[in-house]
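Undergrad: Below you will find the structure I want to go over with you.
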Amino acid sequence: MKGTILATNHQSVEGTCGNSGPGWQKAMKQAVRNGYALCDQLGLPHRFASAAAEQDFPVFAPLEYIRRMQPGNPQDPLLLQVLGMQREMEDQGSGLLDPVGDEAAQRAEGVLQKYKRRVLLITTGACAIHCRYCFRRHYPYETAPKGKAGFSRSLELIRQDAELDEVILSGGDPLTLADETLGWLVDELCQIPHVRRIRLHTRLPVVIPQRVCETLLDWVRRSSAAMYFVLHFNHAQEIDAAVSAALADLHRSGAVLLNQSVLLRGVNDSLEAQRDLCLALVDRRVVPYYLHQLDLVQGALHFAVEDAAAQALVASLRSELPGYAVPTLVREIAGQASKTPL
Ligand SMILES: *Cc1c(COP(=O)(O)O)cnc(C)c1O
Ligand code: SF4
């Protein structure tokens, strides 16, 4: 299997908020789409970018995110998450295309179930950013159902299975869908009596915080199922005033806010980076949930941190922070009944 994340395809971004709306779709359209342009934005020489890496997985970074990077710093922790680099080409023999067994977990097209009581819907292939370490960077998104007709089939499967009390909207990033579609989907899910919780896995409030607009907050507030947002911050530098305001709005709308990070060598693998991130999150009412060991996807192995170093890092974190501020260190092992705590 080899597919692509489709943020670079304009058609994959639905158009209701358009020009009159809050501007997040415009922000996606204006995103930087190649490494040379990204280097230009930051005053870095082009040699830091790699066209070969971008052929494998295109660069995609909104200006809102780039503005939080430090100009002239090739080691910037935000830049390293999005710039395609030559070192990605060095693990082509050993990295996996489907490291977490997504293909084997398909119950229907775009519906994954690995664990009891909860299913995950691949709602879209589009993301608001391309993270170089992404474990789904080779997922075959073309096969996922699209639009209301596609979701109707997934809804039918959920309706028929009373064991499912939680539905996870994932992707890609579900918040690249229009609020009209998401509001409809949430309303439909709320009408299924056994669905008690709806969870969204999203990076959009991190990347383009104006995505947390009034129309989004409307469908969050009106959900009768408990709403959980699992955000994806990797570094405290990702949190600025606009992001803080978006988090406050989401929290006031009644959603529970959790965060998952990926432990990334050179980005957030120091005690200082983890402590600053966890504190910045809990100050904003976001509970650190998981710290993921990297999935060994082809092109990302240079980000890997040894298990022993990861465990030592989390042990140090535990000695510095309140228990609720320390995420659980996990690895996803294909075929297991849950994520595996380390
Ligand atoms: C990671 C994942 C979940 C969520 O697991 P939790 O431990 O509940 O956060 C659910 N379904 C799939 C397919 C997953 O990959
Ligand atoms: S990590 Fe999430 S936001 Fe980043 S490219 Fe992968 S699916 Fe998209």
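Placement of Cβ uses the backbone N, Cα and C atoms for every residue, glycine included.
Summarising the annotation, TrEMBL assigns domain 'Radical SAM core' to 112-325. For C127, C131, C134, the entry in TrEMBL reads [4Fe-4S] cluster binding site. Annotation source TrEMBL lists N6-(pyridoxal phosphate)lysine at K339.
Can you tell me where each of these features sits in this structure?
TA: Neighbours of K339 (N6-(pyridoxal phosphate)lysine), defined as other CB atoms within 10 A of its CB across all chains, total 19.
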Undergrad: Under 8 Å Cβ to Cβ from C131 ([4Fe-4S] cluster binding site), same chain, six or more residues apart: give me those in sequence order, or none if nothing qualifies.
TA: Q81, V82, R203, V262
Undergrad: Within a 10 Å radius around the Cβ, which one of these binding-site residues has the most neighbouring Cβ atoms: C127, C134?
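TA: Result of the Cβ crowding comparison: C127.
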Undergrad: Measuring Cα to Cα, tell me the gap between C127 ([4Fe-4S] cluster binding site) and K339 (N6-(pyridoxal phosphate)lysine) in whole angstrom.
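TA: Cα to Cα, C127 ([4Fe-4S] cluster binding site) and K339 (N6-(pyridoxal phosphate)lysine) are separated by 23 Å.
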Undergrad: Among C127, C131, C134, which binding-site residues lie by ligand 1, judged by Cβ under 6 Å to any atom?
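TA: Cβ under 6 Å from ligand 1: none.
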Undergrad: Rounded to a whole number, how many Å is the Cα of C134 ([4Fe-4S] cluster binding site) away from the Cα of K339 (N6-(pyridoxal phosphate)lysine)?
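TA: Here the two Cα atoms are 17 Å apart.
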